[in-house]
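According to Swiss-Prot, the features are:
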ACT_SITE  37  active site, proton donor
BINDING   30-37, 148-151, 177, 185-188  ATP binding site
BINDING   61, 154  (R)-pantoate binding site
BINDING   61  beta-alanine binding site
C-alpha cells in the first residue's frame, strides 16, 4: 500500500495507473475509520482497478470549532484498516497541503439542494464539503467516487456538483452500514457513552416506524412525522435537530407520501450530533 502526503505524489501514481489503462476509484474520508468505511472500500475495489482513500479532517466544513477540535483521530489504526482491505493508495495530507494559502474566500453552492436538513442546521458545512471535494477530485482524478448514503444530502450534492461542472466522475452512493441493533455506524459514535448508545437506537426505531406507517397506507406526512417524533420524545437524552420527510431526489417537501421518499433525522444525544435516514419507494396512485 502506498501512502502519500503531497498531491504531486498522488497525481504521479494515478497518471501511471491510467497510462496502464487502470480505472481509479476514490473514497474520501475524515478518518477514524470503521466498518462503514470498510464497506465503501470493498465497493470501490469491486468496481475499480485501483482504490485511493484520502484521510483528512476538513476544517472548512465545521461550523463549530469545538466540534472540529473534538473530532476523533486514529491515523495508525486507519492505515492498518486500509492495508487489511487491500487499498492501493492512501492520501494523508495536512491542512497546509490542502489549503496552502488558508481556506479560500469562495462559496460553492447548489441552492436547490441546500434549502433543508443539514444545510440549514449547519450553515457553511456543505460549502466546505464542496470546496474540499473539488480539490481532492483535482488531486486524485478518479473515475469513480464512493459516498455513504448515511450522509444522504451530501451524496446528492456531490453527485449534482459533478454533473453541473461536467466532472468525468461517476458518483456512487452506498447503503448505510449499521450495528446489529440498527445504529448507523459513525465516527462520532465513539463519543457516546453506553447509555447514550442505547438511547440513540431510538433514531432508527423512529425511522422504521415511519417507514411502516407509510407502507401501511398513510399518505399525510404531518401525521407520520408526529408518530415518529413521539418515539424520539420518549427519551429525555435526545434533543431533536430536525425530522423531515422529503422527496428523495429533490429534497422538496411532500404533500402526499408517494414516489421516492426520504425520511431524515438529526438529533443530539448528549453533546454528540447524529444523523440517519431511510429512503422508500412508494407507488404513485
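Including glycine, each Cβ sits where the backbone N, Cα and C put it.
Features recorded in Swiss-Prot, as mapped to the structure shown.
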| residue | record | DSSP (3 states) |
| --- | --- | --- |
| 30 | ATP binding site | coil |
| 36 | ATP binding site | helix |
| 61 | (R)-pantoate binding site | helix |
| 149 | ATP binding site | helix |
| 154 | (R)-pantoate binding site | helix |
| 177 | ATP binding site | coil |
| 187 | ATP binding site | helix |
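Counting only the Cα atoms, the space from residue 37 (active site, proton donor) to residue 177 (ATP binding site) is about 9 angstrom. Each of the binding-site residues 61, 154, 187 was scored by the number of other CB atoms within 10 Å of its CB, and the largest score is that of 154. Around the Cβ of residue 149 (ATP binding site), 18 further Cβ atoms fall within 10 Å across all displayed protein chains. Each of the binding-site residues 33, 177 was scored by the number of other CB atoms within 10 A of its CB, and the lowest score belongs to 177. If you take the Cα of residue 33 (ATP binding site) and the Cα of residue 154 ((R)-pantoate binding site), they are about 18 angstrom apart, rounded to a whole number. If you compare Cα positions, residue 154 ((R)-pantoate binding site) sits closest to 30 out of the binding-site residues 30, 36, 177, 187.
Annotation: 37 carries the greatest number of neighbouring Cβ atoms among the recorded positions 30, 36, 37 [cut-off 10 Å, Cβ to Cβ].
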